[in-house]
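Trainee: Before anything else, here's the structure in question.
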Amino acid sequence: MELKSGLSILLCFGICIAVINAGCFEDWSRCSPSTSRGTGVLWRDCDSYCKVCFKADRGECFDSPSLNCPQRLPNNKQCRCINARTAKDNRNPTCWA
């Protein structure tokens, strides 16, 4: 029962944060320095993401200042896939995030 309560609180907290910072998600990228701790654990790095999910030659991070959330995403970067050969592979769970 304790686990359910904890998960409920975590879910509510996540929803509140998402609503408050709805624009932040649009600017976020796997290259964003502020979320780099999750790279390789929660999501693929840019190069791997592009190669596996788009069959691209490579992926690279480039400077992309946050328009919606500059206070939360300073020095923001975005991932760009070079020579992507396919649409995103949504059947592969590692390509979802």
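Keep in mind that glycine also has a Cβ here, set from the backbone N, Cα and C atoms.
What Swiss-Prot records for this protein is below:
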- 1-22: signal peptide (SIGNAL)
- Cys24-Cys31: disulfide bond (DISULFID)
- Cys46-Cys50: disulfide bond (DISULFID)
- Cys53-Cys95: disulfide bond (DISULFID)
- Cys61-Cys69: disulfide bond (DISULFID)
- Cys79-Cys81: disulfide bond (DISULFID)
Trainee: Between Cys50 (disulfide bond) and Cys95 (disulfide bond), what C-alpha distance do you get in Å?
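Mentor: With distance taken Cα to Cα, Cys95 (disulfide bond) is 9 Å from Cys50 (disulfide bond).
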Trainee: Once near-sequence residues are set aside, which residues in the chain of Cys46 (disulfide bond), 6 or more away, have Cβ atoms under 8 Å from its Cβ?
Mentor: Ser29, Arg30, Cys31, Gly59, Glu60, Cys61, Cys79, Arg80
Trainee: Suppose we draw a 10 Å sphere around the Cβ of Cys53 (disulfide bond). How many other Cβ atoms does it contain, all chains included?
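Mentor: Result for Cys53 (disulfide bond): 21 other Cβ atoms within 10 Å.
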Trainee: When the Cα of Cys53 (disulfide bond) is compared with the Cα of each of the disulfide-bonded residues Cys24, Cys69, Cys81, which one is closest?
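Mentor: Going through Cys24, Cys69, Cys81 one by one, the closest to Cys53 (disulfide bond) is Cys81.
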Trainee: Rounded to a whole number, how many Å is the Cα of Cys69 (disulfide bond) away from the Cα of Cys24 (disulfide bond)?
Mentor: 5
Trainee: To the nearest Å, how far is the Cα of Cys81 (disulfide bond) from the Cα of Cys24 (disulfide bond)?
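Mentor: Between the Cα atoms of Cys81 (disulfide bond) and Cys24 (disulfide bond), the distance comes to 21 Å.
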Trainee: Distance check, please: Cα of Cys24 (disulfide bond) against Cα of Cys95 (disulfide bond), rounded to an integer number of angstrom.
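Mentor: That comes out at 20 Å between the alpha carbons.
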Trainee: What does DSSP assign Cys61 (disulfide bond), in three states?
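Mentor: Strand, per DSSP.
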Trainee: Which secondary structure state does DSSP assign to Cys81 (disulfide bond), in the simple three-class scheme?
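Mentor: Where Cys81 (disulfide bond) sits, the three-state DSSP reduction gives strand.
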